[in-house]
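If you look up TrEMBL, you'll see 20-39, 60-77, 89-107, 114-135, 147-166, 178-197, 232-256, 268-288 marked as transmembrane segment. Feature annotation from TrEMBL assigns domain 'Major facilitator superfamily (MFS) profile' to 21-291.
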Amino acid sequence: MGGAVVDEGPTGIKAPDGGWGWAVLFGCFIITGFSYAFPKAVSVFFKELMHEFGIGYSDTAWISSILLAMLYGTGPLCSVCVNRFGCRPVMLVGGLFASLGMVAASFCRSIIQIYLTTGVITGLGLALNFQPSLIMLNRYFNKRRPIANGLAAAGSPVFLCALSPLGQLLQDHYGWRGGFLILGGLLLNCCVCAALMRPLVAPQVGGGTEPRGPQRPPQRLLDLSVFRDRGFLIYAVAASIMVLGLFVPPVFVVSYAKDMGVPDTKAAFLLTILGFIDIFARPTAGFITGL
C-alpha cells in the first residue's frame with residue numbers, strides 16, 4: 001500500500017520531478033516508515049503488556065487494530081483538514097499527536113487507557129502525517145511518480161527492520177513504559193519531516209503576482225464525486241478486502257513465536273526478515289510500474 005493519494009496541486013504549477021522534491025521524498029520515506037511499521041513493531045511489547053494487565057492475545061492485538069483503523073479510517077477527516085489548512089500545518093499537528101499518544105501511554109494503568117492513547121491519539125497523529133505526505137509527494141513528482149512512490153513505500157520495511165529489534169532492546173533495558181516513552185520521542189521526527197513539505201508556488205509572469213494558467217475554482221472540503229467512478233469503486237473494494245488480511249501476520253507473528261518458546265530477540269527478528277524482503281520488493285514494484 002502507499003502512494004494511492006493523487007492531488008495535482010494548484011493549476012498552472014508543473015511538478016518539478018526533482019529539486020526540492022527529493023527532500024519531500026525523504027520526508028515521505030520517514031513518515032511512511034513510521035505509519036506502516038509502527039502498528040507492526042509495537043507488537044514486540046504485547047507479551048509484557050499481557051503479563052502487566054493479565055490479558056490475552058486478542059486484547060493486546062486491539063492496540064494495533066485501533067492504530068490501523070485510525071490510519072485508514074480517518075482519511076476523509078485528513079482530506080478536510082488539508083483542504084482547509086494545507087499539508088504542512090496538518091502534518092505538524094499530526095506529529096505532535098503521534099508523539100503525545102505514546103508518551104501518555106507510558107503512564108497508563110489499564111489496557112483501555114492504552115487503547116485511547118497509543119491506538120486513538122497516536123493513530124490519528126500518524127494519519128494526519130501519512131495522507132498529506134502522499135499528497136505532497138504526488139504534487140512534486142509526475143513522470144517519476146511510480147518510482148517516487150516505490151521509494152517512499154520502502155520506508156515501511158526499512159523502519160520495520162529497525163523498529164522491531166529496537167523495541168525489543170528498549171523493552172529489555174527500560175521495560176515497556178520506558179520503551180513507549182522513547183518511541184514517543186522518536187515520533188517527534190514526523191514534525192521535522194512536516195517542515196520539509198514546502199508548498200509549490202505558482203510561477204510569476206514578468207515580475208507580477210498573477211500565476212500562469214486558469215485558476216481552479218474553490219475546492220470543497222470533501223469531494224464525494226469520486227464515488228461515481230466505477231473503476232475507483234472496484235479499486236476501493238478490492239483494496240479494502242486486501243487490507244483485512246494484510247497486517248494480520250506481522251501483528252501476531254512475534255507474540256505467537258514467543259508463545260511457542262522462541263527467545264524474545266529471535267522472535268522480534270521475524271519482523272526484520274519480513275521487512276528486509278520488502279525493502280527490495282517495493283522499489284522494484286515502483287520501477288516496474290513506471291515502465
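Each residue's number is its place along the chain shown, starting with 1.
Placed from the backbone N, Cα and C atoms, the Cβ positions cover glycine too.
Because TrEMBL annotations are produced automatically, they should be read as predictions rather than curated entries.
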Exercise for the section: Using a Cβ-Cβ cut-off of under 8 Å, list the residues of the same chain that are 6+ residues beyond the ends of the transmembrane segment (232-256) and lie near it. Expected result: 1, 4, 39-40, 43-44, 46-47, 50, 57, 60-61, 64-65, 68, 72, 160, 164, 226, 267-268, 270-271, 274
Practice task
State the non-local partners of the transmembrane segment (20-39) in its own chain: residues 6+ outside its ends, Cβ under 8 Å from one of its Cβ atoms.
Solution key: 1-2, 64, 67-68, 71, 91, 98, 122-123, 126-127, 129-130, 133-134, 136-137, 140-141, 148, 151-160, 163-164, 183, 187, 189-190, 192-194, 196-198, 247, 251, 275
Practice task
Considering only the recorded stretches 60-77, 89-107, 114-135, 147-166, 178-197, state which has the highest number of Cβ pairs under 8 Å to the transmembrane segment (268-288).
Solution key: 147-166
Problem - Contact set, same chain, for the transmembrane segment (147-166): CB under 8 Å, 6 or more residues outside the stretch - result: 1-3, 21, 25, 28-38, 40-41, 44, 133-134, 137-138, 140-141, 183, 250, 254, 265, 268-269, 271-272, 274-279, 281-287, 289-290
